[in-house]
Amino acid sequence: MRLAPQKPLLLSTVLHLLLSIWMLGFASLAGATVQEPLAASDTPKPVSAALFSSIERLSRLVDITYCVGNTGVWKPFACASRCNEFPTLTLERTWRTGILMSDSCGLIAVDHGTPRHDAGEGKDDPLAEKAIIVAFRGTYSLTNTIIDLSTIPQEYVPYPSPDDGGNEPPREPSHRCDNCTVHSGFLASWRHARKVVLPELKVLRQKYPEYPIRLVGHSLGGAVAMLAALEMRVSLGWRDTVVTTFGEPRVGNRQLCDYLNAVFELNLGDEMDPAEREYRRVTHADDPVPLLPPAEWGYSSHGGEFFISKKDLPPSVEDVLVCHGDHDENCIARGKSSAVSVPAGDYDDALSTLEEQDVMLADALPWIPARLKLWELFFAHRDYFWRLGLCVPGGDPANWGRKGGEGAAESISAEG
């Protein structure tokens, strides 16, 4: 069954995005203790040309995941979008656990580093390298997920919960996650995906033991990739897991972010070559999602950020900056460096700071100023080297409302 989303649905998503942005303005009103995150050490510098190319390639790869549940991705590695740009990949499987916001969608592929026999002469990918790739798709309504879906944080443990057949970690973890909380909706999405992803990866790791694991995700998929990476590294001991996310929302509290920084050694600062980072969190100018859910709900950002400073497409090497710390004020944080630390169980106290603002929000909506340019904010979350989210050849022939192009919001379709 194919469903064509209607214009009001997309408008509703934009309005939810506005509400989320509006909530960011109340971070300073929270009554919880403010804990300083890792600070920026100096002015960000551009990435190297090689790192730029590597991240750009992954943005095209994660764009392909939007074909899953739409027109499809099929073996050996074909789709209606950019699959022909990856002649060295073979598809292992796709998954789609359902249509609810807590469900997950994506693909697992193997990059053999050399073109497939069916790729044809002249087909090559100079950036290809041997790897097992797991790509997590985003959602067309991430803001709905953030606001409406189980936003109450829950306790986080870095190994499978009893619900997932776990009880104790398989070994004494080298890092502890004390008093960590996680967005329960994002965790539910990973729990749905892990039933498919982990068994497949265990088989592939036996088949290709020398291939590292590369996780990539956009939007909600970035949040799921983060939780997947922590479990793979800590619980399963897969140290060769490297992560790249685009427009990743905040997933947990300050303690969880500190934990991730330690696991992926993001707290080394300038001691680490940016190209050697094993967690790359890519953000884009004016994209509000990396700052959501807001800090007054007990959420924070972690390190590893690379910031696309140019608003319009396409960016150049000089536009992609290496950020420092968790909240580099030269990057997506833009001065919003305070992170509210809300211990497990104290969510209601933090949320109570918002209750008095409900009437103010209702009164403010009729006077939304046109200068906010809501469509530009919506597109900013899609614009990561390319405009992501359309399963069409070349990614975005209609430009989706960019300067000089016609909007094509009505053309999205998805399978139910």
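Every residue gets a Cβ built from N, Cα and C, even glycine.
Under the DSSP three-state reduction, Ser219 (active site, nucleophile) is assigned to coil, being neither helix nor strand. Taken from Swiss-Prot, the feature active site, nucleophile applies to Ser219, supported by similarity to another entry.
Mapped onto three states, the DSSP output places Asp287 (active site, charge relay system) in coil. Summarising the annotation, Swiss-Prot assigns active site, charge relay system to Asp287 (among others) and lists similarity to another entry as the type of evidence.
His381 (active site, charge relay system) falls within neither a helix nor a strand when secondary structure is assigned with DSSP, and so counts as coil. Annotation comment: Swiss-Prot describes His381 (among others) as active site, charge relay system.
According to Swiss-Prot, the disulfide bond annotation covers Cys67-Cys391 (among others), on the basis of similarity to another entry. When secondary structure is read from DSSP and collapsed to three states, Cys67 (disulfide bond) falls in the helix class.
The Cβ of Cys177 (disulfide bond) has 23 neighbouring Cβ atoms from other residues within 10 Å, across all protein chains displayed. The annotation disulfide bond is assigned in Swiss-Prot to Cys177-Cys180 (among others).
The feature N-linked glycosylation site is assigned by Swiss-Prot to Asn179. All protein chains considered, the CB of Asn179 (N-linked glycosylation site) has 17 other CB atoms within 10 Å.
Residues or ranges marked as signal peptide in Swiss-Prot: 1-32.
Here the candidates are the recorded positions Cys177, Asp287, Cys391. The one whose C-alpha lies nearest to that of Ser219 (active site, nucleophile) is Asp287. Here Cys67 (disulfide bond) is compared against the recorded positions Cys177, Asn179, Cys180, Asp287, and the shortest C-alpha distance is to Asp287. In sequence order, Asp287 are the recorded positions from Cys177, Cys180, Asp287, Cys391 with a C-alpha within 10 Å of the C-alpha of His381 (active site, charge relay system).
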